[in-house]
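To start, the structure under review is shown below, and the notes come after it.
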Amino acid sequence: MDLKQKYIFIEGTNCPVTVRGRLLQVFRRSVSGELFKGLWLVLREMLRFNIHTTQYPKEKLPLSPRYRAIHELLRLLESGNERCIGCGLCEKICISNCIRMETSYGEDGRKKVHEYTINFGRCIFCGFCAEVCPELAIVHGGRYENASEQRAHFGLKEDMLTPMERFMNQGQKEFPGFGALSQDADSKVKKTPLAYFTPKGEENV
C-alpha cells in the first residue's frame with residue numbers, strides 16, 4: 001500500500017500591488033462583461049416583476065411551531081391560574097444557568113412562585129426548559145419583534161405571564177408541541193407519486 005501523498009502545484013494569479021495595476025484589473029473585468037452580466041440579470045428580473053422579497057413589516061412569513069423565540073408563561077384554561085408549580089426543573093436543566101425563581105409555600109400548602117426571571121443576555125434559546133416542564137407552563141412563543149433598551153424588559157415574570165385581560169378574551173395560544181408541523185407543511189414537502197398497476201392492468205394512484 002502506497003502511503004505517499006501526491007501534491008499538485010497550482011499556479012496562482014499574482015494580485016496587482018500598484019494603483020495602476022489595480023485600475024487595469026478593474027478595467028479588464030469590466031470590459032470582459034462580468035459586471036454587465038450581473039446588471040442585466042437584475043434588470044431582467046425587475047422588468048418581469050419576479051419579486052420574491054417579503055415586504056416586512058406589512059408582510060410576515062408564517063412561523064413554525066418549533067420556532068424558539070421569547071419565553072411565555074401560560075395559564076390554566078379552566079381557572080386562569082398559573083400553570084407553573086415551582087418544581088424547579090427548568091432552573092436545574094438550564095445549561096446557561098440563566099433561570100432564577102423564588103418559591104414559597106402558601107396557606108393552602110401549595111408552592112407558589114413569587115419571582116421568575118430569565119437572563120436573556122446568557123440564554124441561548126436551546127428549549128430545554130420548555131421540554132422538561134411537566135405542566136407546559138413555560139414555552140417558546142413567536143414574539144420576535146423585541147425592540148427595547150434592555151433585555152431585562154422581557155425576562156421578568158410579569159412580562160412573560162399571559163395578562164389576565166388577554167386570557168379572558170381567549171388571547172392565549174396553546175402550545176401545539178415540539179413535534180407539531182407548520183400550517184403550510186404539505187406545500188413544502190415534495191410528494192413522491194405512488195403509482196402502480198393492478199394485475200388487470202388498471203393504474204391506481
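All positions are counted from 1 along the displayed chain.
Just so it is clear, glycine is given a Cβ too, placed from its N, Cα and C backbone atoms.
Binding of [4Fe-4S] cluster 1 is attributed by Swiss-Prot to Cys84, Cys87, Cys90, and within the candidate set Cys126, Cys133 the record adds Cys133 to that site. Rounded to a whole number, the C-alpha distance linking Cys133 ([4Fe-4S] cluster 1 binding site) with Cys123 ([4Fe-4S] cluster 2 binding site) is 17 angstrom. Cβ packing within 10 Å was compared across the binding-site residues Cys87, Cys90, Cys94, Cys126, Cys129, and the lowest neighbour count falls to Cys126. Between the C-alpha atoms of Cys129 ([4Fe-4S] cluster 2 binding site) and Cys90 ([4Fe-4S] cluster 1 binding site), the distance comes to 4 Å. Sitting within 8 Å of the Cβ centre of Cys94, Cys123, Cys126, Cys129, and not among those site residues for [4Fe-4S] cluster 2, are the Cβ atoms of Cys90, Ile93, Ile95, Ser96, Cys98, Ile99, Ile118, Ile124, Phe125, Gly127, Phe128. Surrounding the centroid of the Cβ atoms of Cys84, Cys87, Cys90, Cys133, where the record places [4Fe-4S] cluster 1, the chain contributes additional residues within 8 Å, namely Ile85, Gly86, Gly88, Leu89, Cys129, Val132, Pro134, Glu135, Ala137, Ile138.
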